[in-house]
Amino acid sequence: MDGQLPIDTRPWPVRRDAALHDQTMQQTIGVVTKRLANAKVTAYAAYPEANHWRQRAVEVKRQSIRQLEEHLATFTQQVESHGGKVHRATTAADAIQTILEVAQHHQVRSVIKTKSMVTEELELNRALENAGIAVRETDLGEYIIQLAHEKPSHILAPALHKNREQIHALFDQDALVYHTEPPASEDIVALTQYARRRLREEFLAADMGVTGGNFLVAETGTVVLITNEGNADMVTTLPRLLVSVVGVEKIVADWSGLIDVIQQPALSGVGQRLSSYTTLVSGTRGPDQWEGPDEWHVVLLDNGRTQLKDTPFEDVLSCIRCGACLNVCPVFRQVGGHAYGSVYPGPIGIVETPLLTNFEVLPELPSALCTLCHACGEACPMNIDLPGHIVQLRQMKQERHMNAIGVTRSYRWWARFWATPHGYRRSMRWARWGQWWFVRHGRIQSAPGLAGGWFKTRDMPPVASMTFHEWWDRTRGKRQ
Amino acid sequence: MMSEEEGRSQTLQLFATCLIDLFRPQAAMAAVDVMERRGATVEFPTAQTCCGQFSYNAGYHREAADLARHWVAVFDAALRRDSQARVIALSGSCAAMVIREYPSLLYHDALDRGDSVDEAERWQERAERVGKRVIEFTEWLAHEATAELPTSGIGVTYHNGCHMRRMLGITSVPETVLQSHGFSIVPMEEADQCCGFGGTYSMTEWPVSTAIADQKLQALGKSREMGAQCLTSADFGCLAHLSGRLSRRRDPFPVVYIAELIALADRGPVTVEAVQQMAQHKEEG
Amino acid sequence: MTETDALRDQFQQQFEALGGHLFYASRADLLPEVLASAYQTMVDRYLPTGPLQVVYWLNSDLLGWDLHGVLGGIRGTQCISWPQGGRQQAVQGQWQDLLAESQVGITGSAWAAADTGTVALYASPSTGLLPSLLMPIHIILLNQNRIQPSVREGLKRFYQENQAAGRMPPLVKLITGPSMTADIEGQLVIGVHGPMAIAVVVYEESIF
């Protein structure tokens, strides 16, 4: 069944121009993506066996997906024998309904959350708030964009598009609302300290914790959470009621598989050998224990994922959300995450958004946000064929007649002429004759049709008065 | 010719690419010069047109396959005449299209057209067979024994095309070749980043494409501060994009295809003026 | 150099590169002294003023230790032992407040990994995760024999020890450096939600 994704309804040119004119965002995004991409390369170079383990991780993910249903059944049985409850959600709406039922059953008034792309997919915060439940994002970046009523602009660093002045203003406003001391200054440490103090109150008071999950281990019924801030530990340790919402594709078959994959998000995403905090939840609190949830619900979300199984796109389900493809992408580095209009930005978002929704939303992504430089394919630790998929999606789009008819005709005529030497030479002669309308100072400076875009910002030399073909004919032709 | 005494000379079938053919023929002429100076017999299958990458990358696979079948037929015929001959591609990107994409493109297109699986496999094998004999120009040159030329002191910064780097795995070869021909390499910051060209992407999505190009030109600015006197690449597509952008910004910085620099070095000591003159080559007509 | 010394060295290198501090008690009888000095160093550096309250639990090989006797003399430190046995809902809130008001958490640890500088802690009837989480400073006691060559090896052993018993501990935490973020302008800041400073005191097998 097709998935549902929340989207930015602004048309692509509007999203694009907003991004290209946002200098704050461009500056930060450029610096941070470069740093993360370099950190990854350095970390691999300094860790002798890392690449070998990465290849094993790829195998683990591929095999786990191949037998997805069996592993999900084992996972469910394990979690439920250790005090948890597993719910399957086919669509985003199903997941929302389950989570609301759990919250309402326990008369939950306040929720604390870890960063989770899946809950962005659900727009969970809005659903909870509509039901009268207060939600607090506890990842610093997510907290900032929650205050700003915005969406994440990077999988790992959601508030990358905001600078300290903007964040200071948001925190000042928040301090007014909660009658608390505002941040001492615009200094980044002071801003972070403010968030620590403010969120601490919310951690201690919350009725329910909501987490995502980086991996699910079928054999042991474990949900694995990876953070650098420590907020996942707060969310899993403090409230008595815990809900983990995780995409079904996060499954790995067994513990040895987990060992192969567990370092990959940090290594590939930020160049750390492991993130500061790795939290493993494998059940509810025992009767003689102090910590751990009294009640634990795991919501396994499909939302279009399993329709990729047994298709050429199945490898997409191996994504570990490390963000490596975003960090190297030249387009992402220019436009940032919001321009993609989807929960998942960057190359993986280009591929996932149309696939999860069966081209229902944002069909422009594969064509408009990729130069096909293949940097993402090289960077992906899970060997997902991102460039190949993007080309494939462009073809699917064209087969479904989703391109402008004029564009399609241009390609048809182009191929018709250039598939024969005669047509090629003839079109070249026409171009040479026609181009002089557009030549200024020895360079072509404008052109009609498909090529017109080039000349908005670039020149081109005219078609040569003697092409190489003609030169060869003239100088060497007789010899052949 | 140098190699008469080396016995049988190698035959090289030149794949000039449509962009060079139409917009910078002197790049292909220079490549012919370089190959012949090293004793090769150069042939140019004149029926060649374009590899179809523009269409393929835009998702027009049927159209791309029309061009690909023509390409394979032309070069297969040329190669059949000499079992030792190779195809020299004047573009890493077009070479990658032929080597990496043709086999599956032609296989799937044959099936889509209603051909039998046997027929589809025949096209795939044919594309693979021809693809194995395609070699990118600088890679070929690196394997040729060339006497180290004395340094000319000309600072060159090299743009590594994305497909050449990532699909063919050729990274440092062109720079090594430039160095052995007397050029000094000035590094480029973020050298592995795309120039923003992307075939028709540069036309349909020109605002983003231009923003990426400007990022590259910013990196180029730093190379210039470090002494680069010329920008080169083994992919004319990238160069056309960057030089087109420089030209629009009225920046006269010289941009030259790599074979032209090698040909210049082959002919004697290189001067900055010679490089500039080469870059500024204007159409008389 | 023995194998365990080499592992400790590698662990130290990784842990310090992450911003952690390492102290080493080369003989079991030196541990009180080394812990006191580690504690003093950490509080003087990270909390130079104000009252000091410690919540702690110790590894089973150190049970029966009087931590108050070791730290009580340092700036009037109060030491509160982590409660043993099951929790009663009535006191949970009080305990959280107590923890939230404390400055230093001192905990044992189950194992460590040399290649990543990781320390592992589990929640059990006698051990808890909150002292590693809520206070500004976290000091971890680590038996040198529990340092594994790699996090892979550590996780493998952890599995073997627990899966044999039929289930994994419900909450496990691997700590690899202090709490940190780069969410504002991509700049690294230490101490977001968890501790801003962590130290490990490595000790030789105890004879207490």
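Heads up, the Cβ atoms here are built off N, Cα and C, so glycines get one too.
Sequence-distant contacts of the domain '4Fe-4S ferredoxin-type' (A:310-331) (same chain, six or more residues past either end, CB-CB distance under 8 Å): 33-34, 36-37, 40, 58, 61-62, 65, 68, 117, 154-156, 214, 249, 261, 264-265, 268-269, 337, 345-348, 351-352, 355, 369-371, 373, 375-376, 378-386, 389, 392. Taken from TrEMBL, the feature domain '4Fe-4S ferredoxin-type' covers A:310-331 (among others).
Among the features that TrEMBL reports, domain '4Fe-4S ferredoxin-type' is placed at A:361-389 (among others). Each residue in the domain '4Fe-4S ferredoxin-type' (A:361-389) gets a DSSP state, and the totals come to 13 helix, 0 strand, 16 coil.
Taken through DSSP, the domain '4Fe-4S ferredoxin-type' (A:310-331) splits into 12 helix, 0 strand, 10 coil. Note on the domain '4Fe-4S ferredoxin-type' (A:310-331): mean pLDDT across this stretch is 97.
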